[in-house]
Amino acid sequence: MADSSSSLLPLCERISHKSYILRIVDLTILVLLFSLLWYRILHMCENNTIWLVAFLCESCFSFMWLIITCIKWSPAEDKPYPNRLDERVHDLPSVDMFVPTADPVREPPIIVVNTVLSLLAVNYPANKLACYVSDDGCSPLTYFSLKEASKFVKIWAPFCKKYNVRVRAPFRYFLNPLVATDDSVFSKDWKMMKREYVKLCRKVEDATGDSHWLDADDDFEAFSNTKPNDHSTIVKVVWENKGGVGDEKEVPHLVYISREKRPNYLHHYKTGAMNFLLRVSGLMTNAPYMLNVDCDMYANEPDVVRQAMCVFLQNSKNSNHCAFVQFPQNFYDSYTNELVVLQHYMKRGVAGIQGPIYIGSGCFHTRRVMYGLSSDDLEDDGSLSSVASREFLSEDSLVRKYGSSKELVKSVVDALQRKSNPQKSLANLVEAAQEVGHCHYEYQTSWGNLGWLYDSVAEDTNTSIGIHLRGWTSSFISPDPPAFLGSTPSVGPEAIVQHRRWATGSIEVLFNKQSPLIGFRRKIKFRQRLAYFWVLMCIRSIPELVYCLLPAYCLLNNSALFPKGPCLGIIVTLVGMHCLYTLWQFMILGFSVKSWYVSQSLWRIIATSSWLFSIQDIILKLLGISKIGFIVAKKNMPETRSGYESKSKPSQGEDDGLKLELGKFEFDSSCHFIPGTFIMLVNLAALAGFLVRLQRSSYSHGGGGGSALAETCGCAMIVMLFFPFLKGLFEHGKYGIPLSTLSKAAFLTVLFASYHL
């Protein structure tokens, strides 16, 4: 319960990051873009069809920059003060923590274990926490790993709290060598913890290699004769915090769940798993707040729960209307820092409007909001209005919305009315939890319209806009060090596939009932709508692909793409200012020029591969030809994570030894790499043809072709941006472009070079 005294310092503050200099730069770039468009309109009749194509592409780029400028206009974030929490709040609220996983091969159990261990050891009362792991793969190996982790955490959590360990994921903590003296108490405890963690890793790895011995354990009987897409509901209470004495009271609840899946029933991928987590946790612990993280996103800040509670427990109307608190998505092995820069500027910009967009991980939700409440359903003190009480609390409405489980309906009523749940034995609730996991439980209910929303493989964007449409706000906290850290897919096929899924899900939002294009009377601010349009920027992939080919086409056909004479300064100034601006954004955050270049290159590649094929996926779905599937991204764990002694000792830097070599790019024979290879070959052919003509002194300067210097520079810039493909022409193995991809791209290049508008 929070203290209402106004004399106490606030739990959190809204920090504004407005910068008039950045506004001027953004507006200047926008003016230059519009000037270029106006110049093309004035001279459209004097030039060929190429100018019309360029005009359409540049119109798309200008529209996107207009949206970006609007979003970044008033950046803000919330700054929490968790050290003030104990003074202001006498009884901290409970928090349920969700960790979904789906495939023990692509998401190794040891990764899940480290994430769970980091959550179970956070600085928060253990009796107020519960961790639920949803296993959509129904893997006995995942359950076994959690059982072993529950034994290890009984010594790990007290160790972390005793020595105030910051990084509480063991695989990261033990990367750094011991610096204490050998005879110190800490040194002895550290070595003991390292040995125990190595034992844990070995047990998990041994079970991974040969899991047949698990069949002899009666506790694994529920996993017999199961398949990932065909099995009954399994709910296992791995560890229950019953108070107790000593170290046992330091460990929160840990529950393993796997919902029923049958081949002929829709299960809605991760979204369905999140709704099952919502129902099971409501039955068992019914915490008013919930944290969800991806299975590889460990808690890097032990006070992260307390930081989020500072927002929710602040005595203000805004805190009552805050639906979720979003932390940035950061990575310890990132091949690009573009996401860090993006979140620093764009996420803060959105946070200054109605609040950040939910990004699927590192987010604290309010249970009442996920149960379907709108902001208008609450009084100023946070209680339900009389109208909302009649709508939500009638018996018919409860069954129609939430299903036939009496236990779940009772827990929903308690959650909506903010009633505290009496302590219950989790073991006694397993049967009720299994009932709400049946594959037919959601039929003829509102699940999918409340909770995590269906109709998109990007459940985060879809759910986020549904929340903001109901009038709720959200909060953005970006602490230093980052609250959560995760792993990125390898540079190449895995990253491309993941971005394709993200892009496909984002475009799906345009065509469902949560679309920002419709419902202008809903309770969402206009600039917040623009923020969701920015998320859908992947639709610019076609203009991006075309624009990468235009300079080469003009060189090959002796035609002009860019203005001539003094007006060429518009293009030069625009490109130069944009490059310097984005470079400054990287360097001001401490990143290198090389990091900026790699990020620019990678995002051009993603735009012409992942985003391009996501449009194809949407078209095929709309035509009813195919459905969009959910592809689990492979989580890679470096050898240094296993806990075994490493020959090379990393330094004290948190990320030492884990960064991928910049510029290394992996290829496979999938169609994703044909566009990039095609772009590279076309621009190389255009440059080669131009040099040959220049050498023969037969290149014509008339006919509207100009000196072709601008087009040549454009081709050279595109070659630089697609440099990984140039390297791939000469590499072998996974770093080389497969012959099948190269031959298809070469065939397209020949067709392109011989075509004339």
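Glycine residues also receive a Cβ, built from the backbone N, Cα and C atoms like all the rest.
Note that this is a predicted model, so its numbers are computed, not measured.
Your range for transmembrane segment, going by Swiss-Prot and the list 273-293, 735-755, is 735-755. Counting C-beta pairs under 8 angstroms (sequence separation of 6 or more), the transmembrane segment (672-692) reaches the transmembrane segment (706-726) with 3 or more such pairs. Secondary structure at D460 (active site), taken from DSSP and collapsed to helix, strand or coil, is helix. Shown in sequence order, P100, T101, A102, D103, P228, S258, R259, K261, H267, Y269, K270, A273 are the residues of the chain, 6+ apart in sequence, with a C-beta less than 8 angstroms from the C-beta of D136 (active site). Non-local neighbourhood of D460 (active site): I357, Y358, I359, G360, each in the same chain, at least six residues away, with C-beta under 8 Å from its C-beta. In three-state terms derived from DSSP, D136 (active site) belongs to neither a helical nor a strand segment and is classed as coil. When Cβ-Cβ distances below 8 Å are used as the criterion, the transmembrane segment (24-44) is approached by residues 51-52, 54-55, 58-59, 61-62, 65-66, 68-69, 72, 563, 567, 570-571, 573-574, 577-578, 581 of the same chain, each at least six residues removed from its ends. Remote same-chain partners of the transmembrane segment (706-726), defined as residues 6 or more beyond its termini with a Cβ less than 8 Å from a stretch Cβ, comprise 548, 550-552, 554-555, 558, 560-562, 564, 568, 571, 575, 600-601, 604-605, 663, 665, 673, 676-677, 679-680, 683-684, 686-687, 690, 699, 737.
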